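Visitor: Okay, so TrEMBL annotates it like this:
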TRANSMEM  15-33  transmembrane segment
DOMAIN    33-307  domain 'G-protein coupled receptors family 1 profile'
TRANSMEM  53-78  transmembrane segment
TRANSMEM  133-151  transmembrane segment
TRANSMEM  179-206  transmembrane segment
TRANSMEM  256-278  transmembrane segment
TRANSMEM  290-309  transmembrane segment
TRANSMEM  316-336  transmembrane segment
Amino acid sequence: AIIGSHIRLATSKTIIRISVVLICLFVITGIMMNMLGVGTFHGRATQNAGSGFYLLISSYFGLMTSLSLSVKLIFLFISNQGNVSCALIEFVIKWSLTSCECLNACVAIERTLAVNLRTKFSRIKSKRVAKRISIVVPMVVGVICSPELIYRRMVVDTTDETNWCVFTLNADQPNISGLYSASSICLFLIPLTVNLVCSIMIIIGIGQMKQKTVVKVDSIGQASSINLSLTPMNTNFMSKLAANGIIVQIAKHKHLLVAPILLAIFAVPRLVFAFVFVCSKLDRFPFLTLPSYLIGFLPSMSLLFAFILPSDVYRAASLTFVKFIIPTYIQNYFFLFRHR
């Protein structure tokens, strides 16, 4: 089987120019987003727990993904690309992008532990564990993605002399083909499942904390504890109260569920392109395939919307970083212009 992931620009000059502009804007946006993440999570204020360290390393991997994509854009116009550069670029893209998603899933796991352990959760210990996991996770992902270095080859289409950087396997290697397919699916499903399960557990944990002590107010205005004996009436009351509380918490913290679902939807095209055969001629529909291919890289650019903006601490740290890198006279100009 020959599995392709390299999107070739069409021969039309107009399509080439539009595609180049689109990819350049996408790459520049990715670099800026991840540079903002690096600046935000590099400070001490954002590293008071392990999640800040996870997000810092994730920002570096996201930056690596954007830079690798820009290198791939350059090689699109080089007809004499070799097997080494083809395999190396595809490996770095898959490795960095998957590591970024796995580290973001580690953030969800730590937040779940913080909600469920409450006072037993140690931020110092979480930072120490985060430094170790941030090394182990990319190493494991790198081993899983290592077939990209072995089986990536440049293949020339004899019909139109097009160069394709594809994942090649012989027909007598079904075990390796099945292993590659299974690993690609697992690398997609594991971060998604972890994010969804942790989001649900966080919502339930917050609801349980708020319903741990149930009180009622008497006519004088004093609070007294409700009789919580396990009678059928109290059991029904508590079950209804818990159900209503969970529904309220889901409505209040729905962004915890929406974010991983959206990131999973954005990652679907990348999984689809990993199993698209070269003979399907993706370059016949460049306006459809190119945006779909680029959408698969959006999870590596999602730190601003998924982590920084929802958090007051991270948002303040990002504003401090932006003010640090922007010259003072530009800040004053926009400040005066905004208040005119």
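Just so it is clear, glycine is given a Cβ too, placed from its N, Cα and C backbone atoms.
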Visitor: Quick check: do the transmembrane segment (133-151) and the transmembrane segment (53-78) share at least 3 Cβ pairs under 8 Å, counting only pairs 6+ apart in sequence?
Guide: yes
Visitor: Considering every residue in the domain 'G-protein coupled receptors family 1 profile' (33-307), what is the mean pLDDT value?
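Guide: That region's mean pLDDT is 76.
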